[in-house]
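Report on one structure; see the data block that follows.
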Amino acid sequence: MSNMMKALVKSKPEVGLWMENVPVPEVGPNDVLIRVRKSAICGTDVHIWNWDQWAQKTIPVPMVVGHEFSGEIAEIGSAVTRYHVGERVSGEGHIVCGKCRNCRAGRGHLCRNTLGVGVNRPGSFGEFVCIPESNVVAIPEDISDEIAAIFDPFGNAVHTALSFDLVGEDVLVTGAGPIGIMGALVAKRSGARKVVITDINPHRLALARKLGIDHVVDASSENLADVMKSIGMTEGFDVGLEMSGAAPAFRDMIDKMNNGGKIAILGIAPAGFEIDWNKVIFKMLNLKGIYGREMFETWYKMIAFVQGGLDLAPIITHRIGIDEFRDGFEAMRSGNSGKVVMDWM
């Protein structure tokens with residue numbers, strides 16, 4: 001195996017990524033080197049491409065980015081015992097310290113010292129990626145490489161949706177991006193009574209309809225209260241999944257929640273936006289922030305969903321070779337795409 005590889009690198013502090021030849025990551029005793037087959041583009045990667053304020057404060061330059069992937073094991077460290085060369089895998093993109101109070105209590109997703117693959121350390125937009133053995137997840141043979149490559153965002157959706165009991169509940173999802181749509185699918189499959197999803201992007205609304213979400217609402221032209229009445233809802237929503245990061249959508253969600261309703265919040269909203277806290281108080285709402293995936297309970301659950309028949313393939317709207325990466329990022333930046341999966345083989 002050559003000691004050099006192709007990779008997409010944030011090599012300059014400006015807009016874009018660049019395909020370069022870089023050294024293959026070194027494998028430590030507890031590490032696993034994975035030959036990447038498929039990579040998916042995340043909204044985080046778009047922020048890095050755009051070199052916005054968050055990226056400028058967060059991303060070291062130069063660095064290989066990307067964190068959504070699937071592949072096969074190319075090499076294992078001397079202390080690795082659970083995996084073997086050739087095994088099909090994906091990986092948890094949050095690397096935790098294992099030493100803080102939350103880690104020691106089995107709550108790794110709450111680690112205060114989390115390092116993000118492709119954010120704080122070299123990522124998966126390359127022919128190889130190296131992660132600790134503890135972050136590797138084996139992929140069953142009946143799950144394809146492209147579906148395994150979107151397990152990271154699917155895990156966000158599963159973690160958010162399953163934060164509260166959904167059986168028999170009326171669920172509002174704000175934001176029909178890929179994670180929002182997947183969250184709505186999980187809610188529907190988990191026994192929710194009514195599932196309503198809102199957005200203002202026509203492409204995303206059409207994608208939500210294509211994937212079988214029962215009630216898809218264009219918030220730019222439809223009144224949510226009227227929709228609720230038309231589908232037989234006489235009270236507010238029991239569970240809200242806030243996926244949009246849009247202040248108007250969040251405020252509308254709070255308005256439409258039933259007393260005692262529960263809201264799981266994944267969307268990252270603008271700093272300093274206002275909500276009516278009196279409504280939160282007098283409705284006795286339960287707000288819960290969500291970040292990443294529970295390690296590794298969420299992974300077990302999402303594998304079970306897919307093996308149980310949940311079809312995520314339609315959420316992938318663009319399948320391209322890695323040399324077409326610019327087209328993939330343009331599709332993501334336009335907002336007129338679902339997931340974009342790039343092929344490294």
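Cβ coordinates come from backbone N, Cα and C, glycine included.
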Matching residue for the NAD(+) site, where Swiss-Prot names Asp199, Arg204, Leu266, Gly267, Ile268, Ile290, Tyr291 - out of Ile179, Ile303, Ile315: Ile179
By the 10 Å Cβ-neighbour count, the most surrounded of the binding-site residues Glu68, Asp199 is Glu68
Quick check: which same-chain residues outside Cys42, His67, Glu68 lie with their CB within 8 A of the centre of the Zn(2+) 1 site CB atoms? Ser39, Ala40, Ile41, Thr44, Asp45, Gly66, Phe69, Gly93, Gly118, Gly123, Ser124, Asp152, Pro153
Have a look at the recorded positions Thr44, His47, Cys97, Cys100 and say which one has the shortest Cα distance to Ile290 (NAD(+) binding site). Thr44
Check the Cα-Cα distances from Ile179 (NAD(+) binding site) to the recorded positions Cys42, His47, Cys97, Cys100, Cys111 and tell me which is shortest. Cys42
